[in-house]
């Protein structure tokens, strides 16, 4: 595979290999055949980052080969959304002959939505001034004249210039309801929007008929907690990143959801609060004991759950675990399987044509 060519004819074969690999990894814990969710074969990534290479009067996007570290010129990127591909061409054309915009530009980041909005961030090794802003505004206006719904941001050391805003609003059809999600530049969002819809619908399916409340750790912008709110009496969710918490609060209001409470704290801190080890001012006014959480949802970073959080989640009758790293999931299952059994298993092909797998498990207490 090269950045400008996807082996789409090999899609089914690479997916079949992942199914076999996941089943093998899960064999000590479950003999379930994974429910398999396919990605679009191209234009599935809604965000992408590229270094910018200056070559005389020319400049272009590059990525680095993971093995050889050699640079690869990228003029089109079929893994990314069609809007990113349009913007890649338009941005280079707009920057190439403009000294204010091209000087010391070293990276461009793209974030797009299925609703055809984009935030483009230009990263510089120089101070950004009013002349830069004026030229960037002219570029933005030229892009919009091409019917590209785009917001531009300039970044340099300790500097961030938003020409309009640093977010876009995604609209996803999820099990018969349109969900609105504010996505903030430089914050985590699910990279494959089509796959995200399938993940949300799978999570809704495995939790239908749930009793009581839901606790979610690592909630981000509320991606899962807001979609799952319809299946539970109440949802209590934690997140540490300030921009993500702010986006989650916006998303609660935008979706007219009244049964979700977001707390800004780390999963490890919340574990201490639940266990009565420490008290936190951030929890004033929130009666943790009033929540009857029968289900806990975790979508941890690649490192998986730490040992204290492992112990904490074992106290819940049902554990819904979305993993971007099945190796750490299996490590966690060595502990979790002592008290819980795997009821559902899913493979989400979030990153086609790569080694990476995303998976989901529903665990119920033995």
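From the backbone N, Cα and C atoms, a Cβ is placed for every residue, glycine too.
Database features (Swiss-Prot):
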- 190, 218, 223, 239, 299: S-adenosyl-L-methionine binding site (BINDING)
- 324: active site, nucleophile (ACT_SITE)
- 358: active site, proton acceptor (ACT_SITE)
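Distribution of Swiss-Prot features across the structure.
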{"residue": "190", "record": "S-adenosyl-L-methionine binding site", "DSSP (3 states)": "coil"}
{"residue": "218", "record": "S-adenosyl-L-methionine binding site", "DSSP (3 states)": "coil"}
{"residue": "223", "record": "S-adenosyl-L-methionine binding site", "DSSP (3 states)": "helix"}
{"residue": "239", "record": "S-adenosyl-L-methionine binding site", "DSSP (3 states)": "strand"}
{"residue": "299", "record": "S-adenosyl-L-methionine binding site", "DSSP (3 states)": "coil"}
{"residue": "324", "record": "active site, nucleophile", "DSSP (3 states)": "coil"}
{"residue": "358", "record": "active site, proton acceptor", "DSSP (3 states)": "strand"}
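On the backbone, the CA of the residue listed as 'active site, nucleophile' and the CA of residue 299 (S-adenosyl-L-methionine binding site) stand 8 Å apart. Here S-adenosyl-L-methionine is bound by 190, 218, 223, 239, 299 per the record. The longest Cα to Cα distance in that group is 15 Å.
Across the structure, residue 299 (S-adenosyl-L-methionine binding site) and residue 358 (active site, proton acceptor) place their CA atoms 10 angstrom apart.
For the residue listed as 'active site, proton acceptor', the nearest neighbour among the binding-site residues 190, 218, 223, 239, judged by Cα separation, is 190. Sitting within 8 Å of the Cβ centre of 190, 218, 223, 239, 299, and not among those site residues for S-adenosyl-L-methionine, are the Cβ atoms of 188, 216, 219, 220, 221, 222, 224. Remark: residue 218 (S-adenosyl-L-methionine binding site) has 238, 239, 267, 298, 299, 300, 301 as non-local neighbours, by Cβ distance under 8 Å and separation of at least 6 in sequence.
If you draw a 10 Å sphere around the CB of residue 324 (active site, nucleophile), it holds 19 other CB atoms from the protein chains shown. Listed recorded positions: 239, 299, 358; maximum Cβ neighbour count within 10 Å falls on 239.
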